[in-house]
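Asks: Before I ask anything, here is the structure I am working with.
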Amino acid sequence: MSKLAIETIGLRKKFGNQVVLDGIDMQVPAGTIYALLGPNGAGKTTLIHILSTLYDQDDGIVKIAGYDLATDKDMVRQSISLTGQFAAVDEVLTGEENLRMLCRLSGLTAAESRSRTEELLRHFDLAAAAKKRVKTYSGGMRRRLDIAISLVVKRPILFLDEPTTGLDTISRRSLWQIILQLKEQGITVFLTTQYLEEADQLADIITVIDSGRVVATGTAKSLKSSIGGEVIEIRNEKDEIVRTAATSGTLLDMNQALNELTQSLSPTMRVSIRKPSMDDVFIALTSQEMERAPS
Amino acid sequence: MMNASTSIKRASFATTNAVFIGRSIRHSLRNVEALIMAIMLPVMLMLLFTYVFGGSIDPTGNYVNYVVPGIILLCAGFGSSSTAVDVSMDMTNGIVDRFRTMPIQSMSVVTGHVVASLARNLFATGVVVGVALLVGFKPSASLLEWLAAIGIIALFILSFTWLFAAIGLMAGSPSSASAYGFILLFLPYLSSAFVPTDNMPSWLQGIANHQPITPVIETIRGLLTGTPILNSGWFAIGWCLFIVLISLIWCNWAFQRKTARR
């Protein structure tokens, strides 16, 4: 039996009358990268805030690294670190001072703090900017510093709330490398993201939530195959996609779909077939949920 | 490459506080506008009250001896009000969330701001006294009286800073923190800081004589220039300790509340 880094059973949270989390059950095996996907307002950030001890849950059981969140908050805090959605770095201080401050707060001695800071600055490619104030840093540098701060001492579980939001492609890819390296070191990474590609590339397990409920959990591959075999795309003369149709991938099903498309579209349009993407999964899962909700 | 220490260590209470105090002092030193203000305000006020208002209020030219304690408190009040903004900024920009997920006493982040404010405002007090001496202030205080005066001033700064910290914790944003704090800055004008309360209308005397600033002013004035203190000393200490106590309770409550919601 593999150990669970995070487990929630029937987790609920309300803000006033608004139900934000409506019975979340999750099991995050230790040492995995676990991605939480969902549209804006689905409850991703609230969930990560509860798991990282910032808010109390209203109901349900949460265990982090084996400790019960309700009774052992202090032990939970020794097991986790959080990189929030807004870079929680001190803009007035330099990168080096930020790291050293957090080293000291994490219980390292002054000498240990110095060497650890140097090591992290080098590893996260911030050595050249070490003595500059964070105010002058780019978005990517801030994020790297933010994550470096979370790794001042090695905690078994790292929470990343939308780690790459607002970053350019190069910064995003370099951050992905860092996250994969963390996994190699045995750290459990629990991240939320709006980018389906990110979940697809990084995560061992993906959970999709919508309106405070889990709508699907699985590997990227299993989620994709759960919504069907092949997707038909129809393009016009300008190579723009004008219609897509998900099919089970059987000859019969595809034939039928193509027949229907031929009736409503110009017969000169071009057809291509591809495997479902995470986008298809996301749209299928979250819109299903919307249809089910009373209007 | 990333051989982080895995043994569980904890920062002591003293280290946590020292780190946050160091952080806030760095913040103070790097906020150039605030630093210039902290030096310019005492200088300008001192000159204003001595040369512009002083002659009309007291034609004998003795007004500078009267007004020094008032200007010290005015500057201290102004200087400590920025704590509300500092605290509010920390509470709204996400950094406090990081501290709160760590196994430390995260309220210490507020203590850091308070101690930095104390240092800043004692410095501003030094500037006031320095300028005052240049424009004719003649204190009669002995070394012991000086120390007692500095003690009272420090206590006053602490009490107001904690109060502003509580306001910063309550406020929804740094700009509203600044607005709420502004009200408190009028208190020195409704006291014996600039004119004796005897000449105020009687209803105003009631307010002026029974608010915390007046006994603090009278005590500092008595210690520095030898005017009668009577029981003002005890009232000054009592008021300050009372404000510290209330503000600490308020801060703790507001900190828990702020962090339990949202």
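Glycine is no exception: its Cβ is also placed from the backbone N, Cα and C atoms.
Summarising the annotation, TrEMBL assigns domain 'ABC transmembrane type-2' to B:33-258. Feature annotation from TrEMBL assigns transmembrane segment to B:34-54, B:66-89, B:110-137, B:143-165, B:177-195, B:233-255.
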Asks: Could you tell me whether the transmembrane segment (B:233-255) and the transmembrane segment (B:143-165) are in contact, taking contact to mean 3+ Cβ pairs under 8 Å with a sequence separation of 6 or more?
Replies: yes
Asks: Examine the transmembrane segment (B:34-54) against the transmembrane segment (B:233-255) and state whether at least 3 Cβ pairs sit under 8 A, considering only residue pairs 6 or more apart.
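Replies: Not in contact, no.
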Asks: Tell me, please, if the transmembrane segment (B:110-137) and the transmembrane segment (B:66-89) are in contact, taking contact as 3+ Cβ pairs under 8 Å between residues separated by 6 or more positions?
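Replies: Contact between the transmembrane segment (B:110-137) and the transmembrane segment (B:66-89): present.
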